[in-house]
Each structure stands twice: as C-alpha cells, then as structure tokens.
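Participant: Here you go, one structure.
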Amino acid sequence: MAIREKVFNTIVSCFKRHGAETIDTPVFELKETLTGKYGEDSKLIYDLKDQGGELLSLRYDLTVPFARYLAMNKITNIKRYHIAKVYRRDNPAMTRGRYREFYQCDFDIAGQYDAMIPDAECLKIVHEILSELDLGDFRIKVNDRRILDGMFAVCGVPDNMFRTICSTVDKLDKLPWEAVKNEMVNEKGLSEEAADQIGVYVGMQGGMDLAERLLQDQKMCQSTQACAGLTDIKLLFSYLQLFQVTDKVVFDLSLARGLDYYTGIIYEAILTQAGVAPECVTVGSVAGGGRYDGLVGMFDPKGRKVPCVGVSIGIERIFSIMEQKAEKIRTTEVQVMVAAAQKNLLEERLRLITELWNAGIKAELMYKKSPKLLSQLQHCEESGIPLVAILGEQELKNGVVKLRNVATRDEVDISRADLIAEIKKRTSA
C-alpha cells in the first residue's frame, strides 16, 4: 500500500499542478452508452442485467462516462482528473500488470482551444509523471488518427475496412510485422499489395523532420486528411520543444490505438527495456490517450460537439514495475522512536511520547516494559525511522534526552525543553 500511496500522490499532485479539478462518474452505465465506442475491444465489456431487465455494463474506461457527463450537464470546457476502477473481461496476467478490475488515472481537457496546445500539455504531464516516478527510461510514441486513415486510403484499403485494419496495426507492439501482415491478408481479406504498402509506412519513426518529409511524400500528400494530421504533428513538436520534452517523444506511424472514438492525435508511453530488469516480463504501455472530438456529440441530443483530449495512466502496470524493482519505500511516517537505554523506564517513555504527540510529532515506542536498546535501534533502521530519542538514568538526572541520528549514528544530548524544537528542525526538510 505504501507503493500505491506514493504513486497516487505523485500523479494527483501533477494533475493539480496543471490546474485540474476532480469529478466522479458512475461505475456502471447503460449498455448502449458503451456499445460501439471501443472497436474490437467491445467484447471485453462486462454486461449486467438489473431486475427490470435493463441492460447495463461496468465501465470499460473513464473516458466514455466523462463524455456522457459533459453532454448531460451541458459542460463546454473543463480540465478534470479522475482516479477510479474500471473493468475488462481480459485474460489476467499478474506479471504484466493486467487485471480484470484495475485503477485508471485520467486527465482530460475539454473545450474549444487553438490546435495542439492542450495536446502538448497532456504529453508534458506524462513526461512529468514518468520522470518523477523514476521507473527507468521511457518513450512516448505519437501519431494521428487522420494520418492513419489517410495512409490506409492511399495504400488502397477500402473505407469499410479502416477500423478493422487499424485494430490489426495496433498489434505491432506485440507481434512482428509478418504476423500482422498475415492477419491483414489471410484473416481480414486485405490485398497483399495494400498490406506491403502499409508495411513501408508503419516502419517509419522520427520527429518533426519525419512529418515534413511525409508532407512531401507523393502518396501521402494525396490525402487532405493525412496532410492536416501531419501539419498538426509539426505544430505539436514545436510546442513540445518549448515544454522541453522532445527527448522522449517519437513520431511513430505504427501507433494505432484500437479505440474507435479517437479523431486526431494519439499517443502511448512505453518503458524501454533498459528501464526494466531483464528477468521481468514486459508490461506494455504505461500511459496512453489522444484526441476525441466527436465523443461528447454522440451523447448530446442536439449533437453538439465538445473537443476533448486526454491521457490515461496505467497505474497497475506501474505498481508491477515498482514491486519488481523492489524499491524500498517507508510504510509509515514515524519521525522519532522513543527508546530506553535501561530497564524499567516505561513510565518515562510514555510521558515523553505524550509530549511529542501533543506537539504534533509522529512518534512511536515499543510495547514492552524493558525492551533491549539494540532491538529498538534495529527497528528504526528496518522501518526507516530517522531519529531516536533515548532515555537513561543519567539523562533523566541531567534533564536531557540523547537524540540519535539513525543513518549517521551521531548522538547529541538535548535539553528536555529544547527537544521538540530540535526534532521539528531536523525533520522539516
């Protein structure tokens, strides 16, 4: 739980630093609300039936319920975060941080704003959180749904196959190109020629330079959709340079994200293997998101659109990595241990700890009348308690307390009157 608390605190403080407010949405929705929003992943939605026969579903993510909330309450701009559980009928894999019930941490910006400014901020947030959690090296892949659709069009994919081919391309992070091509041709019925042309593009990676090159590409420039997406990618990278995060961001044409509701920029953060111990099973992406300008309009009776962009942090996968790294995190916040150097000083220890508690200092003692000093000091080292206030016969006679720094083992006599101020001074950093 200490790891979870540390991660949640890091994420929430980042969301608040960027001006987001928190809202909550129901844990289940009408089945029709969720149907048709997730492409081939719709089969992973948990269905429920209430006593009246109404069909309901547990939420698959926090994005679709948020869009419905905006439409229902006629909200046209908001910056929000939401941390809650979602549910998926997936094959659980504990080592990969994949569960059927798990937390998501979402940050979204809704409203009509100038292009790519909110999108760049979402990527900045991912960069800040992953850097602060110190999980190891990471990469944030970006692409645009319009570039993908334009690419499919110029490669000869029929319009009615865009979404299903997109879902297949989405598997490139798990499968080699040959397996993906095989699915496109033999299972989905795409022509081999079209698949080969897609193969050329999905192997491309770069930055602003790649966007500029593709804008000159004879095939790509035939698609006005793709050109609009590429122009926005260029603009995005110019803002990312100002946000000082381009070192971790790569424009990757293989990134697809299979969810149907994305309309523009899409992104995904992955840990590179250098950041994970070799024996650990890979956890896939640790964050993902994108622009979904049409989703709110699906729930608005008049079809009014509210442009939105957001990111979701895969918290369970982050927990898996931190546990595998076996990072030592303190489980308590105790600042000082009240210890005794000799036997029969329980009453004195109780008097002193009461003074400390009353002063707002986090303190504890061993629940024994005469604990050994060594075992008290060992407890401090194991628990990460930084200070020990030691009482002995001589200290009591002199009206002092011996204050020990656990890390350095330095000891100093402090008068009883000055003890509280000294502890506060040492633990305020």
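Positions of Cβ are set from backbone N, Cα and C atoms, glycine also.
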Participant: Among Arg88, Arg89, which residue does TrEMBL name as a further L-histidine binder in the site formed by Asp61, Leu62, Thr63, Gln104, Asp108, Arg257, Tyr261, Tyr262?
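Facilitator: Matched candidate out of Arg88, Arg89, per TrEMBL for L-histidine with Asp61, Leu62, Thr63, Gln104, Asp108, Arg257, Tyr261, Tyr262: Arg88.
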Participant: Would you measure the largest Cα separation among Asp61, Leu62, Thr63, Arg88, Gln104, Asp108, Arg257, Tyr261, Tyr262 for the L-histidine site and round it to whole Å?
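Facilitator: Spelled out: the longest distance between any two Cα atoms in Asp61, Leu62, Thr63, Arg88, Gln104, Asp108, Arg257, Tyr261, Tyr262 is 21 Å.
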Participant: Taking only the residues in the domain 'Aminoacyl-transfer RNA synthetases class-II family profile' (1-322), give me the average pLDDT of this model.
Facilitator: 88
Participant: I want to check the contact list for Gln104 (L-histidine binding site): same chain, sequence separation of six or more, C-beta distance under 8 angstroms. What comes out?
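Facilitator: Correct list: Asp61, Leu62, Ile83, Ala84, Lys85, Val86, Ser312, Ile313, Gly314, Ile315.
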Participant: Which of the three DSSP states, helix, strand or coil, fits Thr63 (L-histidine binding site)?
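Facilitator: Assignment for Thr63 (L-histidine binding site) reads helix.
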Participant: I want to check the contact list for Arg257 (L-histidine binding site): same chain, sequence separation of six or more, C-beta distance under 8 angstroms. What comes out?
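Facilitator: When sequence neighbours closer than 6 are ignored, Arg257 (L-histidine binding site) has Asp170, Ile266, Glu268, Gly288, Gly290 within Cβ distance under 8 Å.
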Participant: Among the binding-site residues Asp61, Tyr262, which residue has the fewest other Cβ atoms within 10 Å of its own Cβ?
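Facilitator: Comparing Cβ neighbour counts within 10 Å for the binding-site residues Asp61, Tyr262 gives Asp61.
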Participant: Any same-chain residues 6+ apart from Thr63 (L-histidine binding site) with CB under 8 Å of its CB? Would you list them in sequence order, or say none?
Facilitator: Asp106, Asp108, Tyr261, Tyr292, Leu295, Gly310, Ser312
